[in-house]
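Trainee: Straight out of TrEMBL:
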| type | residues | note |
| --- | --- | --- |
| DOMAIN | A:21-439 | domain 'DUF112' |
| TRANSMEM | A:21-49 | transmembrane segment |
| TRANSMEM | A:61-86 | transmembrane segment |
| TRANSMEM | A:107-133 | transmembrane segment |
| TRANSMEM | A:139-163 | transmembrane segment |
| TRANSMEM | A:170-187 | transmembrane segment |
| TRANSMEM | A:207-224 | transmembrane segment |
| TRANSMEM | A:316-342 | transmembrane segment |
| TRANSMEM | A:354-375 | transmembrane segment |
| TRANSMEM | A:387-408 | transmembrane segment |
| TRANSMEM | A:465-487 | transmembrane segment |
Amino acid sequence: MDLVNNLSLGLETALQWQNVLFCLVGVALGTAVGVLPGIGPTATIALLLPVTFNFDSPTSALIMLAGIYYGAQYGGSTTAILINLPGESSSAVTAIDGNQMAKKGQAGLALATAAIGSFVAGTVATLVLAVAAPPLAKVALTFGAAEYFSLVVLGLMISVTLARGSVPKALAMVSLGILLGTVGQDLNTGTPRFTFDVRELFEGVNFVALAVGIFGITEILRNLRDPQTRDAKLHEVHSLWPRGKELRAMSGPIARGTGLGSLMGILPGGGHILAPFASYAAEKKLSRHPEQFGHGALAGVAGPESANNAAAQTSFIPLLTLAIPANPVMALMIGAFIIQGITPGPNVINEQPALVWGLIASMWIGNVLLVALNLPLIGLWVRMLKVPYWVMFPTIVVLASIGTYSVSNNPWHVFMIAAFGLLGFVLVQCGCEPAPLLLGFVLGPLLEENLRRAMLISQGDPSTFVTRPISAGLLAVGALALLVAVLPAMRKKREKVFVEED
Amino acid sequence: MTVVLAHVPNESADAAFDAALEQARFRGTGVVVVNVAPGDAPVDDRIVPEDGVAALTRRGADAGVEVTVEQPVDGDVAGAVLDSAKRHDAALVVVGVRRRSAVGKLLMGSVAQRIILDADCQVLGVKG
């Protein structure tokens, strides 16, 4: 019973008091930032990444970062329901029906539905993760350089397919990210590339500075440009626990949302953002009363919330088994692994079982903590939203700069934050999403390294990528994904999904 | 011609609203309630929520006065009220006033004071 052994090892690690504490800090911080509109989980983790550098144990650091991630998903939906202010993009769907329910005096029921849905989905997805991770890691261990190259290509192609906006723009962003990843000394020969004789660029573009700039600072600039303000009226919460009839009504959507979310979370790119939209669309189609959607339909809260959480959980699968990040948040987690001195990859699960299983088990504990933490503290979260922008934004910028500087005491990294913040803002104004850029930046070196290694092994014969069956298969799927994205019929559907998002 | 009320939900708001209704009945006009949000925080107490707007309109209807509510987002609160007054060709601007210390006024400025000094029409200051 490997599964039981693994899970008990994980629980043992995750239940150590300091890890529970870090988990609590993580979910609390995550909720706090999930509540704030604009500054999503990616920006938060980017901003808080420097904080975890000085942690003694990598397990605690990763548990806290993971806590921030799903805490943010959760906090976003609480404010979406109570004040129609979705804290981050994946809870925008919850706001549609959740806030309508709150207006009808069913705020308690909507919150409970979101909590139950998130919790059930989180639990199931954690089990999926626990079951799927070890065999996948075993498969990944047999991968050679050629397979890894093709896998990275596949990951990048799918992230282009799932990115919002136009395919060429996403492709451009991925390429820009890969290019940024090549700055610095060549891994094999030590030749400086794209350094323009600036000595500080020899070590390459700093990952934390890039992430903080392009997500944190860009989000702040975007918020300054289009501020949004809502009234502070809180819908009263009473009769929290749903009745039998309502429990039955939500069980179907929760089950479907969990399944859909678990699947979409594994996909690279915007899987975790798309999952709630896909679930909402599916529930609306399946419902016997589609006209109720948009006017406080229970299924419109239960489905997307479950899908959202399940996807957040399963997006750890490619990270833990293949070291391929499924989304920008996971790219940041890879950064955290590296900073803690762990090389992410299929070996991590064998070499650091306590870390991997502890992380998995902590997600379950985190979900329990979130339910306990969120409802009593909703007043606090709303009070936090009253902090004026002119206090909040400068504070964030200062903290982020200090944090990034403290990692390696290099003032250049602070300049990089500013430069990438501006670059990110310009890109966003041009309708380009920064997420594929970060994925390209993280996966670029991996892509290059494996390409060169495979070419060395095959003695310069590029056909190695298509003659090895696994590699050829992965490349074919990648090509198919790209093809599907540019096909006219598919493109229309894709645009429709993203229009609903806006 | 109309009566413009600068409205912020606080302790003097009710008195100012009643005064605006009284003035509107006396002049035979409607009341335009201007509820400005400075828009400098994600959530703001100074914005009247949807049901609050409905309550204001209902109170107006009960008194036989047509009440319309405007909710502009503008960092310059006094300026937004004055703009609205000009646009509606207001005969009177009603504003709630409260005691402020000299230092408080120096630091934060006074919306009421700016409206009183800069308005082109009569201004009625109502103490809560």
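Cβ from N, Cα, C; glycine included.
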Trainee: Pairs 6 or more apart in sequence, C-beta under 8 angstroms, 3 or more of them: is that satisfied by the transmembrane segment (A:61-86) and the transmembrane segment (A:139-163)?
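Mentor: Contact between the transmembrane segment (A:61-86) and the transmembrane segment (A:139-163): absent.
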Trainee: Do the transmembrane segment (A:465-487) and the transmembrane segment (A:139-163) come close, with at least three CB pairs under 8 A (pairs 6 or more apart in sequence)?
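Mentor: Yes; at least 3 Cβ pairs under 8 Å.
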Trainee: Would you say the transmembrane segment (A:170-187) and the transmembrane segment (A:316-342) are in contact under the rule of three or more C-beta pairs closer than 8 Å, pairs 6 or more apart in sequence?
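Mentor: In this chain the transmembrane segment (A:316-342) does not contact the transmembrane segment (A:170-187) - fewer than 3 Cβ pairs sit under 8 Å.
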Trainee: Decide whether the stretches the transmembrane segment (A:387-408) and the transmembrane segment (A:107-133) have at least 3 CB pairs under 8 angstroms, with pairs required to be 6 or more apart in sequence.
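Mentor: These two stretches do not touch.
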Trainee: Answer with yes or no whether the transmembrane segment (A:170-187) touches the transmembrane segment (A:139-163) by the criterion of at least three Cβ pairs under 8 A, sequence separation 6 or more.
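Mentor: These two stretches do touch.
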Trainee: Roughly where does the domain 'DUF112' (A:21-439) sit in mean pLDDT, to the nearest integer?
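Mentor: For the domain 'DUF112' (A:21-439), the model's average pLDDT rounds to 83.
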